[in-house]
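Chemist: Okay, handing you the structure first.
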Amino acid sequence: MAATAMRMIISIIFISTYMTHITLCQNITEEFYQSTCSAVSRGYLSALRTGWYTSVVTIELSKIQKNVCKSTDSKVKLIKQELERYNNAVIELQSLMQNEPASFSRAKRGIPELIHYTRNSTKRFYGLMGKKRKRRFLGFLLGIGSAIASGVAVSKVLHLEGEVNKIKNALLSTNKAVVSLSNGVSVLTSKVLDLKNYIDKELLPKVNNHDCRISNIETVIEFQQKNNRLLEIAREFSVNAGITTPLSTYMLTNSELLSLINDMPITNDQKKLMSSNVQIVRQQSYSIMSVVKEEVIAYVVQLPIYGVIDTPCWKLHTSPLCTTDNKEGSNICLTRTDRGWYCDNAGSVSFFPQAETCKVQSNRVFCDTMNSLTLPTDVNLCNTDIFNTKYDCKIMTSKTDISSSVITSIGAIVSCYGKTKCTASNKNRGIIKTFSNGCDYVSNKGVDTVSVGNTLYYVNKLEGKALYIKGEPIINYYDPLVFPSDEFDASIAQVNAKINQSLAFIRRSDELLHSVDVGKSTTNVVITTIIIVIVVVILMLIAVGLLFYCKTRSTPIMLGKDQLSGINNLSFSK
């Protein structure tokens, strides 16, 4: 009866948990904005890391004397081999720590080496990145160094004289104790005794004698199982230069992790959150090799503290928005560059531009504030009014209309341009939609895949509600002749300012051209006037000359009296 009741309770809990999961997923809503070719997925809750919790784990070692067992039994040989591996693991850790704390060494040298290695192994990709993107990439790698700063500080203190003995003394009668280190920091310490107890009480009494009383293979198997943790810890620290992430089950078993979470100075809601998401917690945790001495291996475990939980989070997806009515190769494109995760945080917004650094579990978003930017709440205006005057929205521009698709939480944005064929398909019905040129959106209702050219995208199958908000594509508001291209880290205001500069330059050019034309026209008028004046003067001179000539010809001839008398006499004489 009790068993039946227990099964019913478990079933009820499972059904309740399952229904809660479905309800949470159904609370996801997605808004697609046609005007900016972007989509916002809402309905998520935050789990933001705001601090670190450090603890020290110790593994007590055994003094293994040179065994005198001379048996040639196969079980004894296996035991000897396993003891040799045990000794080699301890020697490897001692060698790793012989100069200085591995964590301190890694913090000073390992991170630059990691960057150097990453540069070489990603040379092709790295060469394509712009200067600003290179700085962000390097900043992310260097962020590892700052992330482990608190753990490194504790690790360095453990090397001081007497610190390990202080921890050992505190753990004499208990497996856990809070120890105040010499730097004033109090840490929770714990010890692992399984291996030491087995070696001291079970194994060594059997092999450190002449008759080698190992009667069955179970002894060998049990030792191998218990020894495996030490071997794996040594391997992880050796391969990773003393710093490992994520936190493996060898560094901290699930029961040890849950116990440590329960001891953390956080609220019950935070403990519940971490306990129900141990895999995410492991991914965001570190283990730092510290010291091997006084028959103790000590290392620091650094766990995240999620100081901000249950505030709303949303994810912005963006895709290129291009003109489609111009000739091929003459279109212009605009893309929002503010994609990533956003979470409300104490009256402002924490923005995580590298969305992949956040881990999503159901509707919970686990992010590290070390990777965030703090923005005002006005940043939300970019979704509904990208031209708003309160917040300058971030964009990039280009003149390359490349087709692509962006998979969202419950759908897909499709940017389809040129002669590329873009379709949405159902696995049973085949192609159910063909996209025309431009930016479009499709929800996952009845859609399994999206195809853009030869690239196939699988949509997510989460439950949710999609909203299609229509609007004139903002790229159509811009003149291709003055649109600035290849602005990779710009904003609406900066792009508009460059356009205004271009327009002002064109206006100034027109004015100069007009002034030149006016000058030419004035010169022509003056020359014409002078010519006319000259012609008029010449005509006037000609007229005066003619008038004088005519006047001269029309004057009568006056004869003297003598001449007149002569004429008369001649007449009478005849």
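Our numbering is plain: 1 for the first residue shown, then up by one each step along the chain.
Any Cβ shown, glycine's included, is placed from N, Cα and C.
Fair warning: this is a prediction, and the values are worked out from it, not measured in the lab.
Take a look at what Swiss-Prot says about it:
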SIGNAL    1-25  signal peptide
TOPO_DOM  26-524  topological domain 'Extracellular'
CARBOHYD  Asn27  N-linked glycosylation site
COILED    76-96  coiled coil
CARBOHYD  Asn120  N-linked glycosylation site
REGION    137-157  region 'Fusion peptide'
COILED    158-209  coiled coil
DISULFID  Cys313-Cys343  disulfide bond
DISULFID  Cys322-Cys333  disulfide bond
DISULFID  Cys358-Cys367  disulfide bond
DISULFID  Cys382-Cys393  disulfide bond
DISULFID  Cys416-Cys422  disulfide bond
COILED    481-516  coiled coil
CARBOHYD  Asn500  N-linked glycosylation site
LIPID     Cys550  S-palmitoyl cysteine
TOPO_DOM  551-574  topological domain 'Cytoplasmic'
Chemist: Take the Cβ of Cys343 (disulfide bond) and count every other Cβ within 10 Å, whichever protein chain it belongs to.
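Modeler: Cys343 (disulfide bond) is surrounded by 24 other Cβ atoms within 10 Å.
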Chemist: How long is the line from the C-alpha of Cys416 (disulfide bond) to the C-alpha of Cys322 (disulfide bond), rounded to the nearest angstrom?
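Modeler: Given the Cα positions, Cys416 (disulfide bond) is 9 Å from Cys322 (disulfide bond).
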Chemist: Nearest to Cys367 (disulfide bond) by Cα, among Asn27, Cys322, Cys333, Cys393 (recorded positions)?
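Modeler: Checking each of Asn27, Cys322, Cys333, Cys393 against Cys367 (disulfide bond), the shortest Cα distance is to Asn27.
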Chemist: Among all protein chains shown, how many Cβ atoms are found within 10 Å of the Cβ of Cys550 (S-palmitoyl cysteine), not counting that one?
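Modeler: The answer is 9 other Cβ atoms.
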Chemist: Would you kindly give the Cα-Cα distance separating Cys358 (disulfide bond) and Cys322 (disulfide bond), rounded to the nearest Å?
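Modeler: Here the two Cα atoms lie 30 Å apart.
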Chemist: Between Asn27 (N-linked glycosylation site) and Asn500 (N-linked glycosylation site), find the distance joining the two CA atoms and give it rounded to the nearest Å.
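Modeler: If we compare the Cα positions of Asn27 (N-linked glycosylation site) and Asn500 (N-linked glycosylation site), the gap is 44 Å.
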Chemist: So, in DSSP terms, is Cys358 (disulfide bond) helix, strand, or coil?
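Modeler: SS state of Cys358 (disulfide bond) = coil.
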Chemist: Once near-sequence residues are set aside, which residues in the chain of Cys313 (disulfide bond), 6 or more away, have Cβ atoms under 8 Å from its Cβ?
Modeler: Tyr44, Leu45, Ser46, Trp341, Tyr342, Cys343, Asp344, Val365
Chemist: Give me the mean pLDDT over the topological domain 'Cytoplasmic' (551-574), rounded to a whole number.
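Modeler: A mean pLDDT of 50 is what the model gives the topological domain 'Cytoplasmic' (551-574).
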Chemist: State the Cα to Cα distance, in Å, between Cys393 (disulfide bond) and Cys333 (disulfide bond), rounded to an integer.
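Modeler: That comes out at 16 Å between the alpha carbons.
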Chemist: When DSSP is mapped onto helix/strand/coil, what comes out for Cys550 (S-palmitoyl cysteine)?
Modeler: helix
Chemist: Once near-sequence residues are set aside, which residues in the chain of Cys382 (disulfide bond), 6 or more away, have Cβ atoms under 8 Å from its Cβ?
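Modeler: Same-chain residues close to Cys382 (disulfide bond) (Cβ under 8 Å, separated by 6 or more) are Arg336, Asp338, Asn388, Tyr391, Cys393, Lys394.
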Chemist: For Asn500 (N-linked glycosylation site), which of the recorded positions Cys358, Cys422, Cys550 has the nearest Cα in space?
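Modeler: Sorting the recorded positions by distance from Asn500 (N-linked glycosylation site), the top entry is Cys422.
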Chemist: For Cys422 (disulfide bond) and Cys358 (disulfide bond), determine the Cα separation and express it in whole Å.
Modeler: 30
